[in-house]
Amino acid sequence: MSYFCLLKVLTSAQHEPGYCSFYEDCGLNPAVEGALIPPRVPCKDYRKAVNVTGDHYELFKSVCPMFAHGEGNTLACCSIRQLTALQSSLTLSKAVLIRCPSCADNFAHIHCATTCSPNQSQILKITKTANITQPTGIVKEAVVGYEAYISTNFSDASFRSCKNVRIPATGGYAIATMCGRYGSTLCTPQRWLDFQGDSSNGLAPLDINFKLLSDGQTAGLPPGAVLFADKALNCNETTPTGGEACSCQDCEQSCPAVPQPPPLPKPFMIGRLDGVLVISITIFSCIFFLIMCYVIEHKISPKDVTCSDKASLATQEFLGSLFQTWGTIMARYPLIVLPVCLVVVLVFAVGIKDIELTTDPVQLWSAPESRAMREKAFHDAHFDPFYRTNQLILTAPDQPSHYYDSLLFGEQNFSGIISKDLIIELLELQQKIQAIEFWSDDLNRTASLKDVCYAPLNPDNPSLTDCAVNSLPQYFQNSIDNLNAKANMTELGVTKEVDWRDHFIYCVNSPLSFKDITALGMSCMADYGGPVFPFLAVGGYENEGYITAEALILTFSLNNYARTDVKFKVAEEWERRFLKIVQEYQKNPNTNFTFAYMAERSLEDEINRTTAEDIPIFMISYAVIFLYIAVALGEYSSCKRILVDSKFLVGLGGILVVGCSVIASMGFYAWIGFPSSLIILQVVPFLVLAVGADNIFIFVLEYQRDMRRPGETREEHIGRVLGNVAPSMLLCSLSECVCFFLGALSTMPAVKSFALYAALAVFMDFILQMTAFVALLSLDARRQDANRCEIACCVTVETPRPSEPNQGILLPLMKKYYAPALLNPVSRMVVFLAMFFACVFLLFHLKVGLNQELAMPSDSYMLDYFEYLYKYFEVGVPTYFITTKGFNFTSEEGINAVCSSVGCDQFSFTQKIRYATEYPERSYMAIPASSWVDDYIDWLNPGSKCCRIYTAGPNKDEFCPANETGLFTCAKKCMSIPENGVLRPSVEDFNRFLPDFLSNRPDLQCPKGGLGAYDKAVVRDKETGEIIASRFMAYHTPLVNSQEFTGALEKARELAHNITLTMRNVTGTPQDFEVFPYTVTYVYYEQYLTIVNEGLFNIAVCLIPTFVVCCILLGMDLRSGFLNLLTIVMITVDTVGVMTLWGIDFNAVALINLVTAVGISVEFVSHLTRSFALSIRPTKVERAKEATANMGSAVFAGVAMTNLPGIVVLAFAKAQLIQIFFFRLNLVITLLGLVHGLVFLPVLLSFLGMYSCLNVQSLYTWCSIPKSLKGYCHLLITYPHPPGFHSKYLKLCSEDEWSFYGFGMTWG
């Protein structure tokens, strides 16, 4: 006779108080297949309740204490065998519910009532039975289904006590694992109990139909039946057995009053207008009014001449004389000077062979002593580096959605991408990637995914299936057979076919389930043994509507290794082959997916690729600049003399001087072991070229415009011209050198190295211009004087050189049209107001940060990945809260200060993180931290099966895992039941069992095992066993731009600091103990917390020397120095304002360019300021006109027109960083420098500039004059002066000089 008999539906039952409907264990339920635990069912037995005594009572009291009334006074409807089965079943639930005693008590109360209540027959009705043959051969009728009648007051209160109980390892809710297909969000008391009574879930031994009725409701109740209406405990109540109230983490009613965060500050408004705008308008209007009151012209009186004026003249005379002598010597011996310069440059350049390029973004932008770097070093020293992510995000936009009428879930609308064909296609791609194999020279064998993969549950010797691969096919254990599986299933009298869609719906709502509730009976766990949370499998859904997802996500996680580890190269090679497969798959025309992808190496690969590809763009840029310089330097008087008057070789020499300066700078720092970077190679040549080209133009144009005096040799002529312009060149170069050397005080490595390289390059450029370039110009002058062609030096031209100096095209235009128009009374006021008004407002709207996609070239596949990531990913990056050495986790006080379960402090470590998640828009925290302390306490709890001790055999007195099936082998629990329900191990027990917990693999019998979740989260001293570091993982909200990443870092640090202060109050905790947050992105975004202050400091230390040097080299001319400084500040401020308009964020790259802007601004401004200061015109307007025409034309040709062609070429670069921060920003800097230097500064000087200290009226009143006024003899001759003046001073001028200016000695 078969053991499995025909099921029989009972049509009648008796319901009387004090009677049982079933009693004693009848064996295994024949209707349940694939059960996860033995489905033992009771025998049908209508009988009186049994008085339990002795061992029976003791067991009853431990399993169902709410029905125990003392030995001899307790009636029950369950035998010892039934109690043992019930205890085993409740143990599984207690493993996740025990952290909230009242919830665990209520849950047990429900099942104790239906299994053991002395009034059992009144609260249930048997609906199904089956005949089961006993071992003795007797056939008994077993109960395999019944109805239970429960009061809604009891069921609702029980559900409320359990709905917020957390699973610390995942941060999710325990109720999600106990509500089947509905998950935690859609779970209700009815659905919760329905799952407990569904035998198809692999956990329930029989079917229970829980009927929830309101108190007093009799409809639906059989005659004599009553509702089970005992009082359920609230989660904030203690249990009758002494268990304390649940913690706030698991029970909202237990939470203290936590003040809400203060509201965000409102925008600064004055009325309905932006407050900053109103203040800016008010201040600028007042300044403009004051300036207008000052515009009345007046001429200087003799008494206004000060010692500063005398010092200015003396300084210029000294510098002019010094450089004149120097220039004459350099021009006289060019064939000696050039080889010497070459040797010096080569000595420096040899160091380039040892140059070290820094490409790691962390080392570039994060200071070695910064907090983020210290925290990263601590993390990497104690924990494994964050694993390497290789990911695909796939969409199928053209796939139509479809409806599915599910037997279990009703009609469901599946999105187009959730289709079996696409899932199978994804699985095939996944398996192809998993099968990657290659020969590794480093390992000296064939390498595969298992050699480098992250295998959380088998880290020591993983197989391919142990590797953590998260994807939708993992819900089917990567099995096509499971995907194709179908089965007929009957529910509520309706029979339908169930397939992969029912399983998928169930798993995304209950990812921790080992068996679904469908007839398929498949597990939801991945083949590597862990759960696949839906946000890691699908994306682009709303409100947990996973079946409407728009994207599938496939993630391969690899272990991370130090760059010196042999497996680092293996991981990179695996990723290279991963990318190759994915890229080939993308090109396949039969591919049904549109997708984006990335590997851990992708960022560095793409940055290096774009750097290499954009090198030609930089070369073209420099070539365009060279071509312009070579053409623009020439003085063209006739077509026949083009090859004679051209300056192609001089221009080439100027470019070589710049190149040698940069090479010498790089070689020197390579000698001393100071690293360089790609940004230095890109920015420093551009900066030095701007500075060098300006000086070249000023020098060469002055030489071309100046006529050689009678009797003056060529070398003396060059020396005299150098004496006129070199002080101005010195002023700019020295300002920039000091500026950049002070900029090296920056804490940012990239900014520091740039400043040092730029400072030395500018210094070397000035030295080589004063030596090699002067010598080169001397050689070119000899050639030109001999009328020899530039390229073919042996060819001479008979056409003579013009007798008049060549002023070119630009100088006459600026002198005749531009300067007068700019400085007429009306335009002066308009320009001044417009330029001064447009500076500040936009500063306060500048964004700080650098979105990571901008580091990619414009054609990079990573741009698609970032777009998909922000659009479809539903969770942010994980962040760790890390503890340093010194905290005593083993003491009761220490445990309570960290944990979040029953008995823990209300403002403990993990509880504070939980409070932060209640305000995700402010804290950027989405999921509470996983807590190894909480799970360790739960694991130790004797209410679960997790921690037991061998009582016999070779492993006696050692830890016994929960999957050990010997009945008496592991009879002893690690801990005894605490009297108050709050388990706190002793120091000895804590240290004894912690290693066992961390190495215990979680399974159905013990889901609290720490392997995978926590085995790398706790670091102990190998000798003392002290916990020297530990980490608690939480999740940020999805972060999509650098502002949000920076805000998340700032708020995480605030939270960690608050936790630190609390934990330092625990007895024995040192004051240097610290909790800090860490994730891989923090080292990149920390700079944005301080970059505004860093930027202000760097720009300030660059501006100060421009003022000081200008004042000193102009003979303590404070006013000129101040106006010079003001204009440079204006350029910098306006540059930042335009950055706001053009969408250029402020970051370290922008800061480097702003420091560069200060240097370039010196070129635009200082030459003109000095020219104005030394002008001898009688009024400020005339002096401004002269400075604008003479020096402005050279600045325009030398700086603006040199930079602009090269900058425009950069617009064609692929790298977005170059397009934005080199093309856009340098274009802005150049144009603003040009406008300020040639528009704003002349107007400013015409208002506020010093009167000339060199006009005749001033000289006439001086009590003493310098010994030589040779440079100003034209002044004494050409300007009117009082009678008798010439008789005293004109004798200082030589006869030759008088003749040069067209006068005789008898004049006057």
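Every residue gets a Cβ built from N, Cα and C, even glycine.
Taken from TrEMBL, the feature domain 'SSD' covers 614-779.
According to TrEMBL, the transmembrane segment annotation covers 275-296 (among others).
The transmembrane segment annotation in TrEMBL covers 333-352 (among others).
Outside the transmembrane segment (615-636) by six or more residues, the chain places 642, 645-648, 650-652, 654-655, 682, 685, 689, 693, 696-697, 700-701, 704, 806, 808, 1197, 1201-1203, 1205-1207, 1209-1210, 1212-1213, 1218 with a CB less than 8 A from a CB of the stretch. Per TrEMBL, transmembrane segment is recorded for 615-636 (among others).
Same-chain neighbours of the transmembrane segment (648-672): 341, 344-345, 348-356, 622, 625-626, 629-631, 633-634, 680, 684-685, 688-689, 692-693, 696, 700, 753, 756-758, 760-762, 764-765, 768-769, 772-773, 776-777, 780, 790-791, counting only residues six or more beyond its ends whose CB sits under 8 Å from a CB of the stretch. The transmembrane segment annotation in TrEMBL covers 648-672 (among others).
According to TrEMBL, the transmembrane segment annotation covers 678-701 (among others). Residues of the same chain lying 6 or more positions beyond the ends of the transmembrane segment (678-701) and with a Cβ under 8 Å from any Cβ of it are 357, 359, 364, 611, 618, 622, 625, 629, 632-633, 647, 650-651, 654-655, 657-659, 661-662, 665-666, 721-722, 725-726, 728-729, 732-733, 736, 750, 753-754, 757-758, 761-762, 765-766, 769, 773, 777, 808, 1149, 1152-1153, 1156, 1159-1160, 1163, 1167, 1191, 1193-1195, 1197-1199, 1202-1203, 1206, 1218, 1222, 1226.
Marked as transmembrane segment by TrEMBL: 721-748 (among others).
The feature transmembrane segment is assigned by TrEMBL to 754-779 (among others).
Taken from TrEMBL, the feature transmembrane segment applies to 826-846 (among others).
Residues 308-316, 319, 727, 730-731, 734-735, 738-740, 742-743, 745-746, 751, 755, 1121-1122, 1124-1125, 1128-1129, 1132, 1146, 1151, 1154-1155, 1158-1159, 1162, 1166, 1169-1170, 1173 of the same chain, all 6+ positions outside the transmembrane segment (1095-1115), place their C-beta atoms under 8 angstroms from a C-beta of that stretch. The transmembrane segment annotation in TrEMBL covers 1095-1115 (among others).
The transmembrane segment annotation in TrEMBL covers 1122-1142 (among others).
The transmembrane segment annotation in TrEMBL covers 1148-1168 (among others).
Summarising the annotation, TrEMBL assigns transmembrane segment to 1225-1248 (among others).
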- Message: Can you see whether the transmembrane segment (1122-1142) and the transmembrane segment (1148-1168) are touching - at least 3 CB pairs under 8 angstroms, only pairs 6 or more apart in sequence?
- Response: yes
- Message: Same chain only, please: residues at least 6 beyond the ends of the transmembrane segment (721-748) with a C-beta under 8 Å from a C-beta of the stretch. Say none if there are none.
- Response: 316, 319-327, 365-367, 369-370, 691, 694-695, 698-699, 702-703, 706, 754-756, 758-759, 762-763, 765-766, 769-770, 774, 1087, 1094, 1097-1098, 1101-1106, 1108-1110, 1113-1114, 1148, 1151, 1155, 1158-1159, 1162-1163, 1166-1167, 1170-1171, 1191, 1271
- Please give the sequence-distant neighbours of the transmembrane segment (754-779): residues at least 6 beyond its ends with Cβ less than 8 Å from one of its Cβ atoms. 323, 326-327, 330-335, 337-338, 340-342, 345, 348, 649-650, 653-654, 657-658, 660-662, 664-666, 668-669, 674, 676-677, 679-680, 683-684, 687-688, 691-692, 695-696, 699-700, 703, 714-715, 718, 722, 726, 729-730, 733-734, 736-744, 746, 1098, 1152, 1155-1156, 1159
